[in-house]
Amino acid sequence: MSSQENIQPQELWSRISKSQRDLAKSILIGAPGGPAGYLRRASVAQLTLELGTAFFQQQQLSAAMADTFLEHLCLLDIDSEPVAARSTSIIATIGPASHSVERLKEMIKAGMNIARLNFSHGSHEYHAQSIANIREAVESFATSPLGYRPVAIALDTKGPEIRTGVLKGGPETEVELVKGSWVLVTVDPAFRTLGDAHTVWVDYPNIVKVVPVGGRIFIDDGLISLQVKKIDRKGLETQVENGGLLGSRKGVNLPGAEVDLPGLSEQDAQDLRFGVEHNVDIVFASFVRKASDVAAIRAALGPEGRTIKIISKIENHEGVKKFDEILEVSDGIMVARGDLGIEIPAEKVFLAQKMMIGRCNLAGKPVVCATQMLESMITKPRPTRAETSDVANAVLDGADCIMLSGETAKGKFPVEAVKMQHAIAREAEAAVYHRQLFEELRRAAPLSRDPTEVTAIGAVEAAFKCCAAAIIVLTKTGRSAQLLSRYRPRAAVIAVTRSAQAARQAHLCRGVFPLLYSEPPEAIWADDVDRRVQFGIESGKLRGFLRVGDLVIVVTGWRPGSGYTNIMRVLSIS
């Protein structure tokens, strides 16, 4: 996020000379003798030189000053610098390619904010070691309190999903299913670890009852398609429609079939207990279809896991249709496009993505965009141009987090994938039309008597009006930081907290830069507030958000504890 804020020239009248006012007018209305867009572009550059950099954010400045969205698009400049610091969080899946401490350190340096553990693969022992490695890698940055990088750990449940078994050669083996060949899909336990090119075991006993002759079975995000030709006591006799390489433990989709799996399996319950015991921060709940599925997960976490955030993954048609009730009881949403693109027509996935991100933005809840974002980087060092556009458009849609799956879990270039997503997000964030976005979010905000929420709206508007370089918020649970993030300030939200978990979970919220303050409380509460604010300022200077002369908005409470945030101050950095 940049350390500078955009402001409209007509708001500077009391601070600039008449010649500069005339110049500012030419920016907004054009000038005689040439195209308004060209003159606006040239005039903005001249005005910036005359006024210095204190009043304007430099990234995509001409587009940021636009009066309409179409004009904003026309004025985007490929030579403009990206934002100084990325505000969209990066979630990276940890697997064989990224399991080691050294590789995790590299990924943290590259920009990983949340580490995802996929419990569809691996044993509890394997994931316990992954958690230990992640924490060791994070602690290696703890020598400097100002440079410490809290990384959240997320447990992704298996959920009511169907998967294939293990192939004969072991978990790393792949076999090719050739188009036109015959494959037996069986539930016979004897084939659980003996799959091959002609026999595929699946872990759903009722598959022979719910898939009719003529029905289709999709494997591995739909890359492999089988059509059922015959059903007998051995299983489903199928013919390969679309072939490909089949690995172990791949996801299976049965489009159109009424799958009767429970929302929370016994395996999921065991995995959730494991997560509570190992203090994970987030649960990504797979295949959530209705609000009661979320309630079951919350109950399974128990009182010890009450502070764990539940992010519901929307992966089928039922989940999309019941989205509002799921959103209401969830802490956030993941747009899981892999399975979703099989359960609903692929050409409608973008509609579901935009709808879900928009509703999450209105509700002020985090939303993650996931699956196949940089898929080609599993085997190649550079993404396709379509993939870079996909990541950028997820950011422009309003996603709080963007996720890497196989790219970092099993890919050849896990660190490079994180770096690429980081670079794309920085460019995309510079192109967000913040002027329109904040106005729409503010208008859509319901009337509230909650002092914290009212203060958050005021702080974000003040940051726009005075061109604040950052908003520093002191928070105990992270709620104040999330409320500030809801209104998408262009300034960095520096969240100072003594809660390690709140610092880690803050990465779910766009534009929030969490700081863990580990000093003991001062005897006088006002002194303690000042010390934490100063800690935030020093960190902002270190990260490049703040410079001498910049204004910052400070949001604090009127007394110790959570739920009392209602004070806003404007400070100048000295």
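Cβ atoms are placed via backbone N, Cα and C, with glycine included.
These features come from Swiss-Prot:
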type    : residues                                                                           : note
BINDING : R116, K313, G338, D339, T371                                                       : substrate binding site
BINDING : N118, F119, S120, H121, R163, K250                                                 : ATP binding site
BINDING : N118, S120, D156, T157                                                             : K(+) binding site
BINDING : E315, D339                                                                         : Mn(2+) binding site
BINDING : T475, K476, T477, G478, R479, S480, W525, R532, R559, P560, G561, S562, G563, Y564 : beta-D-fructose 1,6-bisphosphate binding site
MOD_RES : S2                                                                                 : phosphoserine
MOD_RES : S19                                                                                : phosphoserine
MOD_RES : S26                                                                                : phosphoserine
MOD_RES : S43                                                                                : phosphoserine
MOD_RES : S292                                                                               : phosphoserine
SITE    : K313                                                                               : site 'Transition state stabilizer'
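This view paints the features noted in Swiss-Prot onto the structure.
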residue: R116; record: substrate binding site; DSSP (3 states): strand
residue: R163; record: ATP binding site; DSSP (3 states): strand
residue: K250; record: ATP binding site; DSSP (3 states): coil
residue: K313; record: substrate binding site; DSSP (3 states): strand
residue: D339; record: substrate binding site; DSSP (3 states): helix
residue: R479; record: beta-D-fructose 1,6-bisphosphate binding site; DSSP (3 states): helix
residue: W525; record: beta-D-fructose 1,6-bisphosphate binding site; DSSP (3 states): helix
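Cβ crowding, taken as the number of other Cβ atoms within 10 Å, peaks at T475 among the binding-site residues T371, T475. Taking R163 (ATP binding site) as the reference point, none of the binding-site residues D156, K313, E315, T371, T477, R479 has a C-alpha atom within 10 Å of its C-alpha. Look at H121 (ATP binding site): DSSP puts it in coil. When the recorded positions D156, S292, T475 are screened for a C-alpha within 10 angstroms of the C-alpha of D339 (substrate binding site), no residue qualifies. The distance from the Cα of T157 (K(+) binding site) to the Cα of K250 (ATP binding site) comes to 15 Å. The binding-site residues close to N118 (ATP binding site), defined as a CA atom within 10 A of its CA, are D156 out of D156, E315, G338, T475, R479, W525. Cβ proximity to the substrate site centre (mean Cβ of R116, K313, G338, D339, T371, cutoff 8 Å) flags the following additional same-chain residues: S286, E315, M334, A336, R337, L340, A370, M403, S405.
Between T371 (substrate binding site) and E315 (Mn(2+) binding site), the C-alpha separation comes to 11 Å.
If you take the C-beta of K313 (substrate binding site) and look for same-chain residues 6 or more apart in sequence within under 8 angstroms, you find D156, G159, F284, A285, S286, F287, V288, I333, M334, A336, A370. The shortest Cα-Cα distance between T477 (beta-D-fructose 1,6-bisphosphate binding site) and any of the recorded positions K250, S292, E315 is the one to S292.
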